[in-house]
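**Student:** Sharing the feature lines straight out of TrEMBL:
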| type | residues | note |
| --- | --- | --- |
| TRANSMEM | 29-53 | transmembrane segment |
| DOMAIN | 44-287 | domain 'G-protein coupled receptors family 1 profile' |
| TRANSMEM | 62-81 | transmembrane segment |
| TRANSMEM | 101-123 | transmembrane segment |
| TRANSMEM | 143-161 | transmembrane segment |
| TRANSMEM | 200-229 | transmembrane segment |
| TRANSMEM | 241-264 | transmembrane segment |
């Protein structure tokens, strides 16, 4: 076997997304399941946003960040699932070169924004429970808007840089991606040119959007647990902790699935395992 033919990136017209299954008899079932989950995700998150906007009692920092998290989840899911549904419906596996890069950019941006918002919401719960007298000052509307703006900048810039760096990569003739979306690591495996800068960018983004937000979340919940267990009344402890339960559940599911993809050692079924984990944090958790 000779070396794969080198193809300039400007000549690439499309990639192939192999999806979750190549069996024709399973496609209608997959289409129905993911269409249903996508509609529930969009309707549910839209209703959350509308409820928060319409009810003045919910105009608080916690619900402000919850509305933005719902918007982020809806956009994050929309970056990949509609294309997968369209491919199943048309019985096609193709995605254009520009469409793949655009999908990659939005997945990186909204995925990173999810991480940042989860960290900010953990900080919000820390201030509310551990420093309640300073809550109105520490989480004023101006500070909340500033924190949200910083989250957008921190996620948009690395995602844009990583996507632009991919335009400099030359891809080989084999263009099949063993996922239902344009996974950055899978894309680099198809490259015929030097990808060291791109791999360094993936590591940098991984350090920014995994350990850093997770560390802030863990520290916040350590302080919250310490404060909650210091409350003498069992009812008071339960009331304080119940405000964190849904957020904590999402954190465990989200980071658990990400770690299952990126921290466990590779196996012969790595692509299948990564696809299942991606379904968890791209579809099920937002739903």
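Using N, Cα and C of the backbone, Cβ positions are placed for all residues, glycine too.
Neighbours and distances for these, please.
**Tutor:** Outside the transmembrane segment (200-229), and at least 6 residues removed from its termini, the chain residues within Cβ reach (under 8 Å) are 108, 111-112, 115-116, 118-119, 122-123, 125-126, 129-130, 154-155, 158-159, 161-162, 165, 184-185, 188, 237, 240-241, 244, 248, 251, 255, 258-259, 262.
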**Student:** Any idea what the model's mean pLDDT is for the domain 'G-protein coupled receptors family 1 profile' (44-287)?
**Tutor:** 85
